[in-house]
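Scroll down for the structure; my scribbles are underneath it.
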Amino acid sequence: MKFKDKLKFYVITDSNYSDEVISVEESLKGGATSIQLRMKTSSTRKMIEVGNKLRKLTSEYDALFFVNDRLDVAQAVNADGIHVGIDDMPVSKIKEIAPNLIIGASAYNLDEMKTAESEGADYLGVGAVYSTNTKLDARDLGINGLKNISKIANLPIVAIGGINHSNVENVLKCGVSGVAVVSAIVGAENILKSAENMNELIKKYIK
């Protein structure tokens, strides 16, 4: 299976909603194919401690494991990849230091998409498709903006931002390779059930 095929159901951690290890295990049981560890305010030691546990879980479920922003942590926990924003370490520099990592890059507009592609990113995280409380600095792109980027992008696209069970089908109709979800999964009362339901919706569009 190519890495692109594992981008279809991409869950991002958020300890404001639930414990990372518990939420990831339930998400994986429910069909998640990629996990991203995002711990913006935690110490490096804590990130590595949690990251090692998530690496073990993702390996057991044959899912991809990404670390948000932190190349040092991604390397320390033997992650499959890293996801960076436009203000983080340039993709080209990451490729120089860690050529084996899968690199995802955030893109809020066409210029950022072109920058990510030219620097050698492996996939794009495109959004925010809808307003979201989990990333307050995100700029809303909207469905039309997502469609426009999807039409011309040369890389797999993972849509992100405010995606939930009621709007995910509209997002998938834009021709993306996957959807990244935070609160709709890790913030759910029953994470396993929520993940299973989301997985069924995704499978209608991406096999």
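Note: Cβ is positioned from N, Cα and C throughout, glycine not excepted.
What Swiss-Prot says about this one:
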BINDING   Gln36, Leu37, Arg38, Met39, Lys40, Asn68, Ser106, Lys135  4-amino-2-methyl-5-(diphosphooxymethyl)pyrimidine binding site
BINDING   Asp69, Asp88  Mg(2+) binding site
Met39 (4-amino-2-methyl-5-(diphosphooxymethyl)pyrimidine binding site) to Asp88 (Mg(2+) binding site) - Cα separation in whole Å: 15
Nearest-integer angstrom distance between the alpha carbons (Cα) of Ser106 (4-amino-2-methyl-5-(diphosphooxymethyl)pyrimidine binding site) and Asp88 (Mg(2+) binding site): 10
Candidate with sparsest Cβ neighbourhood (10 Å radius) among Arg38, Lys40, the listed binding-site residues: Lys40
Lowest local Cβ density among Leu37, Met39, which the record lists as binding-site residues, within 10 Å: Met39
Other C-beta atoms that fall within 10 angstroms of the C-beta of Asp69 (Mg(2+) binding site): 18
Under 8 Å by Cβ from Asp88 (Mg(2+) binding site), counting only residues of that chain that are 6 or more apart: Asp69
Largest tally of Cβ atoms lying within 10 Å of a Cβ, found at which of the binding-site residues Gln36, Asn68: Gln36
Number of Cβ atoms other than its own within 10 Å, given for Ser106 (4-amino-2-methyl-5-(diphosphooxymethyl)pyrimidine binding site): 24
